Amino acid sequence: MTTDTIVAQATAPGRGGVGIIRISGDKATDVAMAVLGHLPKPRYADYCDFKNASGQVIDQGIALYFKGPNSFTGEDVLELQGHGGQIVLDMLIKRVLEVEGIRIAKPGEFSEQAFMNDKLDLTQAEAIADLIDATSEQAAKSALQSLQGEFSKEVHELVDQVTHLRLYVEAAIDFPDEEVDFLSDGKIANALYKIIDKLSVVQASAKQGSIIREGMKVVIAGRPNAGKSSLLNALAGKESAIVTEIAGTTRDVLREHIHLDGMPLHIIDTAGLRDTTDTVEQIGIERAWNEINSADRVLFMVDGTTTDAVDPHDIWPDFINRLPANLGVTVVRNKADLTGENLAMTEEKGYSVYRISAKTGLGVEELKQHLKSLMGYQSNLEGGFIARRRHLEALDIAASHLQLGKEQLEIYLAGELLAEELRMAQLALSEITGRFTSDDLLGKIFSSFCIGK
């Protein structure tokens with residue numbers, strides 16, 4: 001790790017009441033002596049002049065000194081809190097850079113120092129950026145939970161359990177005369193099953209946390225002229241899609257990004273699905289299926305005037321059977337203004353069914369509440385933890401190795417192969433918190449932070 005002392009503006013660029021300059025590294029004390037003329041008492045606010053090399057006052061404000069390792073970064077840290085004019089702050093940074101051995105910080109470098117000095121792990125460091133970027137109260141609460149170590153705690157528990165089981169299995173291998181007894185007595189299998197179950201719970205929570213952070217991708221799909229584009233317009237609150245009585249008007253994918261109580265929702269309107277010889281329409285239908293296969297949720301749009309059925313398997317079995325097995329489906333019976341249906345939501349064989357009129361807006365608000373619920377919106381509860389795509393991928397990899405290990409144990413009683421799968425699962429989980437993480441990944445993560453964090 002670099003031993004450079006770094007400086008950056010910690011507050012947002014532009015005009016403001018207060019502006020903060022942060023310095024971290026062993027030269028922070030030199031900066032204090034050069035700019036303030038003295039070293040402030042650690043952890044005490046010191047009102048003083050900020051001076052240039054000639055002794056002229058640049059600004060007046062509060063200086064805060066934190067002696068390492070008792071600081072956010074683990075290094076010596078000096079914060080200069082002055083007036084928020086950008087010119088004044090630029091002059092102050094220029095003055096700090098005149099001290100030998102100081103350079104401008106790279107994006108996220110303060111958080112990277114904290115990570116390298118074991119002041120926080122990788123998920124906590126990422127949570128800082130997520131807290132800053134939060135677009136809803138729920139996202140902010142979840143990011144704060146991660147910053148306080150809730151996600152890390154879950155991952156560390158899994159790593160410890162996997163490590164303990166791996167050591168137990170390797171002990172069985174080291175005593176070959178007793179290996180079969182060790183592997184077949186049920187203790188290892190029971191421990192493995194418990195780990196798999198716990199990982200499944202963490203995966204579900206992480207998936208929810210990822211949706212809160214990144215938004216949920218919802219694809220509106222169905223036959224031509226079912227009202228898909230009208231629903232897109234109703235959810236977006238504007239005329240995003242052309243709506244006509246002509247079936248097949250939408251031939252390409254249309255996207256809208258909206259927020260429901262601050263929670264991001266990515267809505268995809270697709271071409272009507274049907275057999276066609278029209279080349280352009282065929283391309284649109286192929287793209288529709290590509291979007292469906294990568295969706296978090298499908299709104300199955302049904303023209304209520306064409307069928308009374310509510311079970312999607314009765315409405316269009318070929319469509320339902322082609323969907324990915326783990327893809328959630330909400331049935332939306334449209335044109336309730338014409339059918340006179342009761343707008344109450346019902347559950348039909350595990351599917352939520354909503355009756356709406358995309359044209360008049362009837363039932364659309366209830367559908368929005370449903371989507372908010374799917375995204376984990378809770379108006380009065382503490383948030384869960386926040387999660388990123390890389391976390392989900394690492395959890396999936398760990399789950400895959402545990403399943404392979406389960407097969408090796410149940411079918412072959414292969415201790416060596418089980419131990420190897422446990423080792424791979426351990427590595428995947430440890431990458432989440434940064435116990436075993438490549439420098440390339442660290443660089444990618446911290447470079448996405450804002451400067452000054």
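Using the three backbone atoms N, Cα and C, a Cβ is placed for every residue, glycine included.
Annotated features, as they stand in Swiss-Prot:
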- Arg22, Glu79, Lys119, Lys453: (6S)-5-formyl-5,6,7,8-tetrahydrofolate binding site (BINDING)
- 225-230, 244-250, 269-272, 334-337: GTP binding site (BINDING)
- Asn225, Thr244, Ile246, Thr249: K(+) binding site (BINDING)
- Ser229, Thr250: Mg(2+) binding site (BINDING)
- 215-376: domain 'TrmE-type G' (DOMAIN)
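A map of Swiss-Prot features onto the structure.
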{"residue": "Glu79", "record": "(6S)-5-formyl-5,6,7,8-tetrahydrofolate binding site", "Cβ contacts under 8 Å, 6 or more apart": "Ala10, Ile20, Ile21, Arg22, Ile23, Ala63, Leu64, Tyr65, Phe66"}
{"residue": "Lys119", "record": "(6S)-5-formyl-5,6,7,8-tetrahydrofolate binding site", "Cβ contacts under 8 Å, 6 or more apart": "Pro69, Phe72, Thr73, Gly74"}
{"residue": "Lys335", "record": "GTP binding site", "Cβ contacts under 8 Å, 6 or more apart": "Gly227, Asp303, Gly304, Thr305, Ser357, Ala358, Lys359"}
Among Arg22, Ala271, the most crowded of the binding-site residues [Cβ within 10 Å]: Ala271
Local confidence of the prediction over the domain 'TrmE-type G' (215-376), expressed as mean pLDDT: 88
Lowest local Cβ density (other Cβ within 10 Å) among binding-site residues: Asn225, Ser229: Asn225
Other CB atoms within 10 A, centred on Lys228 (GTP binding site): 31
DSSP-derived class (H/G/I helix, E/B strand, else coil) of Glu79 ((6S)-5-formyl-5,6,7,8-tetrahydrofolate binding site): strand
For Lys119 ((6S)-5-formyl-5,6,7,8-tetrahydrofolate binding site): DSSP state (helix, strand, coil): coil
Rounded Cα-Cα span from Ala271 (GTP binding site) to Ser229 (Mg(2+) binding site), Å: 9
